[in-house]
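This report concerns only the one structure given below.
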Amino acid sequence: MAAVRGLRVSVKAEAPAGPALGLPSPEVESGLERGEPEPMEVEEGELEIVPVRRSLKELLPDTSRRYENKAGSFITGIDVTSKEAIEKKEQRAKRFHFRAEVNLAQRNVALDRDMMKKAIPKVRLETIYICGVDEMSTQDIFSYFKEYPPAHIEWLDDTSCNVVWLDEMTATRALINMSSLPAQDKMRSRDASEDKSSEKNKKDKQEDSSDDDETEEGEVEDENSSDVELDTLSQVEEESLLRNDLRPANKLAKGNRLFMRFATKDDKKELGAARRSQYYMKYGNPNYGGMKGILSNSWKRRYHSRRIQRDVIKKRALIGDDVGLTSYKHRHSGLVNVPEEPIEEEEEEEEEEEDQDMDADDRVVVEYHEELPGLKQPRERSLSRRSSASSSDSDEMDYDLELKMISTPSPKKSMKMTMYADEVESQLKSIRNPMRADSISTSNIKNRIGNKLPPEKFADVRHLLDEKRQHSCPRPAVSSTKPDIRQRLGKRPYSPEKAFSSNQVVRREPSSDVHSRLGVPRQDVKGLYSDTRERKSGGLWTRLGSTPKTKEKNTKKVDHRASGAEEDDSELQRAWGALIKEKEESRQKKSRLDSLPSLQIEVSRESSSGSEAES
């Protein structure tokens, strides 16, 4: 195997002049003199240090957004501030005997740009930095520099921006002619200007008093060429420019006092400036439908998603129904059958996450290239306070990729090749799902009603009646958990049978008597209703039984009849006749019960308790 050579790259912020110009450093020269091995002679496993001397800020991408001037920019073309251009202008004026009025706003200034670049290493001579533009829009700034139309504007924040021209000469003229010295430097420059004006007046008087020969028309004296006066910058003003001080503007803009200077490479927009913008909170953000106030990141995401869906519909309308989209092969593949026209938009940055925010300045309305001209005009009229501009490539979101992901089917949703086992499994799942639903429903019903206890065996009623007739102990029930009905329903408070066992079963009586159904023996009706007042309601009392007062009367009457029976044999015979009749009736009832089928009664505690709770 070939030997692998490791590399170690070190990035340093500052670089000396030698390596930047491509010259060998003294360390490298000393190493070559000592005879160190060349890179091809490095042994296996050793590391070779390769220094890369570049500034870290140069590696960062440029996220600034440019707002183009639709009215068109102005280019001077030639350096009118150079000494040669000024001399030619003065010679032309003297040749045609023309003396222009002094215009302080349009001065011909000779500025040494090489000296400016040495004094300010990161200066951008084609760009002017302006601050104090709090209530100004992009169009307001373009109209402010209408004498020197700029190419575009780079917004930094609500109060400052960079105005960019296509050449350095126009930017220099705009800075010098549209601004003045600071207030501190004006006092210093006054004395120098007075001395200069006095010297100029003396020279003019000397020229008028001289009796030299007149020159022919179109000729210029060689001696006067050396006496041409150039409107050079004063020493104070030149020092102020070299320090790159803020110069106050000559005129106000919408009541704002502007200050300007040459821009540098450090004048860049900070991340999140659009989110902190008070201008958007007051006047609305055009990139989000003119919404005013604080816009949350979730609201921005929803706005982006709605806009993407709208763009997808527009793209499909451009593509046509007959042109089909190819299959989605890869997530990061390019668009297919979609116009390669970028949709200008800004990126969003999460405050807690490391996503890019709508960082670029949104003071203008973003245009859609698919819009018709008839639709663009009312949009521009309604939102004319911010002019539209094109953004840089680094500031645009990858909308083409998002359109591709939305308009084409996802690989998860696409049909795949399946086997018979997969079909069987899907059928089993479809069968199991309703079974699970049924089991869940039955479990819920059981929880509501309660689990059903195992069925219990009950004794036959006929056997119970036989045992009662023979005065024998009744057979106990199979389950001890089921109590007697009388025990659950309660015993009559005034029942004559005090010592009746709870386990005994009642003898079946006619259904007309309620007390006989509850286990109370039937009493003689004739003896109970001897009173005429009681006989009126005898039909009801035969069913319900006698009251406690009637019971006391009955007992007294029975005692009285017993004592009377000893005296009167007729009464005794009547009593025996009644007993015989009662036995016969009981036998008849027994025969009737024997002919009836077996009857079983099942009453659970839970059902009775549930019925009581419902009542």
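Here the Cβ of each residue, glycine as well, is placed from N, Cα and C on the backbone.
Annotation source Swiss-Prot lists SUMO2 cross-link at LYS12 (among others), citing similarity to another entry.
Feature annotation from Swiss-Prot assigns region 'Disordered' to 15-43 (among others).
Feature annotation from Swiss-Prot assigns compositional bias 'Low complexity' to 15-27 (among others).
As annotated by Swiss-Prot, phosphoserine applies to SER25 (among others).
Counting every protein chain shown, 10 other Cβ atoms lie within 10 Å of the Cβ of LYS70 (SUMO2 cross-link). Annotation source Swiss-Prot lists SUMO2 cross-link at LYS70 (among others).
Residues or ranges marked as phosphoserine by Swiss-Prot on the basis of similarity to another entry: SER73 (among others).
Annotation comment: Swiss-Prot describes 126-187 as region 'RNA recognition motif (RRM) domain', evidence class similarity to another entry.
When averaged over the motif 'WLDD motif' (155-158), pLDDT in the model lands at 89. Annotation comment: Swiss-Prot describes 155-158 as motif 'WLDD motif', evidence class similarity to another entry.
The region 'Disordered' annotation in Swiss-Prot covers 182-233 (among others).
Annotated compositional bias 'Basic and acidic residues' per Swiss-Prot: 185-208 (among others), in sequence order.
Per Swiss-Prot, the feature SUMO2 cross-link maps to LYS186 (among others); the stated evidence is similarity to another entry.
Annotated phosphoserine per Swiss-Prot: SER209 (among others), in sequence order.
According to Swiss-Prot, the feature compositional bias 'Acidic residues' maps to 209-230 (among others).
Annotated phosphoserine per Swiss-Prot: SER210 (among others), in sequence order, evidence recorded as similarity to another entry.
Taken from Swiss-Prot, the feature region 'Disordered' applies to 332-400 (among others).
According to Swiss-Prot, the compositional bias 'Acidic residues' annotation covers 341-360 (among others).
Secondary structure counts, DSSP: the compositional bias 'Basic and acidic residues' (580-593) has 14 helix, 0 strand, 0 coil. DSSP gives LYS70 (SUMO2 cross-link) a coil state; it is part of no helix or strand.
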